[in-house]
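Enquirer: Once you've had a glance at the structure underneath, I'll fire off some questions.
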There are 2 protein chains.
Amino acid sequence: MSFRRALAPYIQHPETKIKSDLVFYDDKVTIIRDAFPKSRVHYLILPRDPSITRQSPLTVFDGEKGARLKAHLAPYVTMAKRLVICEMYNSVWGEAIQQTYPPEDDPQCKRYENYGEAFHSLVDEEHLDEYVLAGFHAVPSLENLHIHVLTGDFTSDRLKNRKHYNSFNTPFFINFEDLPFSPARLEAARRNGIDYQNAKAMEQIVKTTDLRCIHCGENFRGHFAQLMPHLRDEYDKRFTDAT
Amino acid sequence: MSFRRALAPYIQHPETKIKSDLVFYDDKVTIIRDAFPKSRVHYLILPRDPSITRQSPLTVFDGEKGARLKAHLAPYVTMAKRLVICEMYNSVWGEAIQQTYPPEDDPQCKRYENYGEAFHSLVDEEHLDEYVLAGFHAVPSLENLHIHVLTGDFTSDRLKNRKHYNSFNTPFFINFEDLPFSPARLEAARRNGIDYQNAKAMEQIVKTTDLRCIHCGENFRGHFAQLMPHLRDEYDKRFTDAT
DNA sequence: TATTCCGATAGTGAC
DNA sequence: GTCACTATCGGAATGAG
Ligand SMILES: Nc1ncnc2c1ncn2[C@@H]1O[C@H](COP(=O)(O)O)[C@@H](O)[C@H]1O
Ligand SMILES: Nc1ncnc2c1ncn2[C@@H]1O[C@H](COP(=O)(O)O)[C@@H](O)[C@H]1O
Ligand SMILES: [Zn+2]
Ligand SMILES: [Zn+2]
């Protein structure tokens, strides 16, 4: 089987998969941990419907059918983001507070809003909601439609090259919320030199765009090996030193 | 002592240098074998006059004084080219004819024109005169003025990267005959995107110009490792297989 | 722009 | 300029009965 179908088993037979990889599944989606996480927490949401799993993220939300699909998926995106925030919360403040999230009796974060002041004040203070990304790669390599949901630290040792970083921090990354792209939106992007219809060109963006720290804007150009420790510093400054 | 002055001993004390490096010297010039030859035969002509050895090839032939200098050097360039042709001749056809050039009683090739029909017919047939280059690097790294005189095969194992090759096969290489550059010539070059006054820009040319076989025009882009065996094939096709 | 391996290319500092 | 070191870049294979 080609590497491009590596995610297929997760939508076909999620029940057979290892529990540690599997975050959640029902008849509509499977949510897994990315096997090569590019940040501290990195999930993939896989819609299971065979009729949409081979479609492009650029067109799958077009039309009325697409709008319904987006509406159906939105709650899963919300759930995944909440779970990612919880994992982040646990790893940063978990030890101090003797409590892990989500609570055992709410594995899908349905009562997320009621996790209490202690939880939400820290989440709000650190803007964790904006710290979590949810979206698609403009040109996916794995063919089963998947939404990346991940933290914005990019300090994972699986993040190994410029393409990895830029695939989440350039227009190559398309926020779930921004889809579908209207013709006007596509035309505006094209005027900006970004042609979403041109896969080769989108790949060039990821390969050639300067490495720029998303936190402070510092430009590391092609120096990936220098960006990595800097991103760890940024993370420590924000979540380790401060606490 | 800085590496930039590596050639200085050859003009200051040529008599102390190893005989195998030293091709010729008198009170005006020293001619040596390049210590890192970029072709099968590669000489350097070093004018010994201390008042010109630090000058730039781009300006040293300017004015009346420069014209006189060029006229004084021209015979040495001719000699060096003849000696290079002789070495080339020996290595290609020497074994067959039981004779090496220059003859022992003419080490400076003064009677070159009289080397006979056998010699000159082969030299002419193979256009060896055009095969030998004589000129300067636009931005030399070693500070004592030196003229490169070398064969056009570029098959040496000292030729190790793109800059080496391009430094002899782009406008970075300036033929002795073409100097001095008139203001009009400089302006024409500038219109062609080549600014000889801008050292950084000239270095970029050498670093970024596509690797193109000078014999057949094939473009190897950045693939130095593929150009090398091709140049050996070109050499064999012209000088080994044919004979 | 899947990962992994590997080799070629490119940038740096010292001399 | 060379040399040694490191990092970046670039292609090929990846499965299978
Ligand atoms: N076998 C696998 N299981 C889970 N995730 C994977 C696997 N192979 C690759 N991935 C991840 O899937 C994502 C696919 O990327 P893309 O197709 O560019 O959206 C990447 O983030 C990979 O790390
Ligand atoms: N110590 C040396 N003795 C003789 N030739 C040298 C020495 N060091 C470098 N070279 C050659 O001198 C030339 C200087 O190149 P450039 O300054 O670019 O014209 C190159 O071809 C080198 O191979
Ligand atoms: Zn930063
Ligand atoms: Zn060729």
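The backbone N, Cα and C atoms fix where each Cβ goes, glycine too.
Checked TrEMBL, it gives:
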type	residues	note
DOMAIN	A:16-153	domain 'HIT'
DOMAIN	A:169-237	domain 'Aprataxin C2HE/C2H2/C2HC zinc finger'
Enquirer: Could you please provide the mean pLDDT value for the domain 'HIT' (A:16-153)?
Expert: 96
Enquirer: Helix, strand, coil residue numbers for the domain 'Aprataxin C2HE/C2H2/C2HC zinc finger' (A:169-237) per DSSP?
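Expert: The composition, in the requested order, is 37 helix, 8 strand, 24 coil.
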Enquirer: Across the domain 'HIT' (A:16-153), what are the DSSP residue counts per state (helix, strand, coil)?
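Expert: The breakdown for the domain 'HIT' (A:16-153) reads 52 helix, 26 strand, 60 coil.
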